[in-house]
Amino acid sequence: MGPSQARRTVAVSEYDPQALQAKWQQRWEEQEPYRASDDDADPRGRRYMLDMFPYPSGDLHMGHGEVFAIGDVVARYWMQQGYNVLHPIGWDSFGLPAENAAIKRNAHPAEWTYANIETQAHSFRRYGIAFDWSRRLHTSDPDYYRWNQWLFIRFFERGLAYRKGGLVNWCPNDQTVLANEQVVAGKCERCGADVVRRELTQWYFKITDYAQRLLDDMEQLHGWPERLLTMQRNWIGRSEGADVLFEIEGRDEPVTVYTTRPDTLYGATFFVVAADAALADEIVTDEQRPAFETYRAEVARLSDIERLSTDKEKTGVFLGRYAINPVNGERIPVWAADYVLSDYGHGAIMAVPAHDQRDLDFARKFDLPVRVVVHTGLADPGETGEATPGEGTLVNSGPLDGLSKAEAIRAIIEHLEREGRGRGTVNYRLRDWLLSRQRYWGTPIPIIHCPDCGEVPVPDEQLPVTLPDLRGEALAPKGVSPLASATEWVNVECPKCSGPAKRDTDTMDTFVDSSWYFLRYCSPGYTDGPFDVEQVRKWGPIDQYVGGIEHAVLHLLYSRFFTKVLHDMGMVDFTEPFARMLNQGQVINGGKAMSKSLGNGVDLGQQIDEYGVDAVRLTMVFAGPPEDDIDWADVSPAASQKFLARALRVMSEVTSEPGVPFESGDVALRKVTHHTIDEVTKLVDSYRFNVAVARMMELTSAARKAIDAGPGPADPAVREAAETLAILLSLVAPYTAEEGWERLGRTGPVAFAGWPAADPALLVQESVTCVVQVAGKVRDRLEVPPGIAEDELRELALSSEKIAPYLQGMPRKVIVRAPKLVNIVP
Ligand code: ANZ
Ligand code: ZN
């Protein structure tokens, strides 16, 4: 259809998003234009853009609408720039909600899961995201989870997957264990129930072996938001200090404590063992045992978070024993308390109440002595109740007296090492990753327990170990894995000795699935391993990852860990999986998170029905910087739709022929077009997508004006503006852009039209002279662009060297009349 014909048939009232969607969606489905090419002969540079893959809980929601609209801006921008872009989609489809739904409906979790996946896939296609659909994966497919099992066995062989007994977080509601990362403020991340501690044998990944590398390699992550890096750093929690050996009277072996303040050793006035540590149970005297056991039972009900909380009233019991301070031979009482954790450091501490607030609270509660050993200049903690952890000079510390804190730390470590009573060490708060779960809908752990051979991995050629067919009631949480009830499945021959043996009945944490899925996309359907090493070498690492800040710790840390292990296995040639990271905000409504109970939910599908895909997508992107929350009550998809109608009308009204040379066009409009190109390029590069949309709106207005009151629709500059608009708009409103491009008489998808280049000759701006006055007197003249923003002009004037002598401190008032005058009242 030629442009002039189009003009006759389309009026603004005819902007019909549903019709556009039906037309173009069908073409995209036929042509699959967004497929990435694995062809080595393809000369284009490669880029990998990834959105965190969705969990299939019902249809797509507003949050998906936002994150995928943002990710698509980046993917489509790179496509326009001529890159061979990998932008895949898949589903994180194992997990508890499917299982809970299956119990309720007496169904199989797969039914719910795959039905939801189909619903979401359908919605994604309508939403027009530029995915390469050919690489689609579902983590609950046996040909995906097979490779979880394969990787698990490789980790096991390397000593990175192991089983141990110990106290673990237990959700009494979901009846399963949780990783530390899944306990939020003492509650189960999924259901909100209070988490308790239980003694259980579980599988762990040895992520602690990688603690230092997880820290060090953060240096590569220039493209990550600072707050993400901080969260990762805090979670790893590196501290430097010393291990110090204390004798306990009546015990042969000395006990080690970890301290970050060995300089305060002379101020240790008591000793505390974690109430749930084996040591406490071992050394408690008969006399104190009843009190201790009652106390220990109370502590078992608390989460780590509660235990460490500084507001919590201190509790504890005396164990009836004494420890000997290795530097001065002093006898100090040994207590059991909850604020010392059994699995951090060595589960026991030397308490220095003068300089540690928790110790001080404890000392005041139980009337234990407080001795200042670092003089900080602050009032006596024993009297104020405020510990003084800061810098100072050592006192009451024998040979350390007079030293600074840092000097004393060095001196005491040297002394302890010489005496064989301690050493300098580094500690990490990071714990090993507890990965076994007592639930059904996950990857079976590929281990066979043999009474003779112990833990035997399932041979590779027998993978996958598929889930036995259980449904409904059989999945109800019982405290042991539902898989245990599938006797036929459980009882097998030992692969080593052929004797009777049993399968492990736990399944893997679903975070295992998501720790490497981004590698699978590089060679979907690969059958010789989890991924084709050659393809990953070509596509990886991911150039841009987009997803929620809620995954700042868990998913990103685990993925980084997996990548490092795979690097050590020689399977990937990079050590960090995600070069750049963008965290989008949330979509909220009326200042609050959307929720059923508040009744403030907004349905994505309904918004699309009402305003069309492009208007919804544009609204998401235009609402603000991508990191900010979007309050749906404050935005207007109706206004977005109006803008798109206006833009399409401009593209429809051009009467010059495609290919007309732009050079002869109206210069003023050409300048606007090229400025827009220049700015939008920079804005997209720096994630300021909302401002980029504002520039597109301005270009639309300028073209409108040129058609109505300027050189008219036949001027080549109008075509240039309209074609530019179609290309820029293709990043946010693909249907409207594609339709406009066709109406402009252009063939081939606008998505690959090529990003326009700004002509430097058209970027040169005339300047105007701005007068800067201080107290009414002209003190400077600045040459500024005519369109300069007020803020920018204010900055410029205030930073003028000629003004400086007339100002003392901040001026009282600055009046800006851009672009010609700045008046400063000192
Ligand atoms: C004596 C001392 C004096 C300490 C002082 C601090 C200040 P980070 O930085 O988190 O590694 N600690 C050691 N093991 C513990 C455990 N299992 N549970 C609870 N607290 C434990 O903290 C290390 C400090 O936390 C250690 O240094 C120890 O108290 C305590 F003025 O030792 B400190
Ligand atoms: Zn055996």
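Glycine residues also receive a Cβ, built from the backbone N, Cα and C atoms like all the rest.
Range 593-597 is the one annotated as motif ''KMSKS' region', of 133-137, 413-417, 593-597, 598-602 (source: TrEMBL). Through the fold, the motif ''HIGH' region' (54-64) approaches residues 91-93, 95, 97-98, 113, 116-117, 119-120, 123-124, 127, 548, 586-587, 594, 602-605, 607, 632 of its own chain, all at least 6 residues removed from its boundaries and within a Cβ separation under 8 Å.
Per-residue pLDDT, averaged along the motif ''HIGH' region' (54-64), amounts to 94 for this model. Within its own chain, the compositional bias 'Low complexity' (381-393) is flanked in space by residues 353-357, 359-361, 364, 370, 372, 374-375, 402-405, which lie at least six positions past its ends and keep a Cβ under 8 Å from the stretch. Helix, strand and coil counts under DSSP for the motif ''KMSKS' region' (593-597) come to 0 helix, 1 strand, 4 coil. If one looks beyond the motif ''KMSKS' region' (593-597) by at least 6 residues along the same chain, the residues whose Cβ comes under 8 Å of a Cβ in the stretch are 62, 586-587. Here the motif ''HIGH' region' (54-64) has, by DSSP, the following mix of helix, strand and coil residues: 3 helix, 0 strand, 8 coil.
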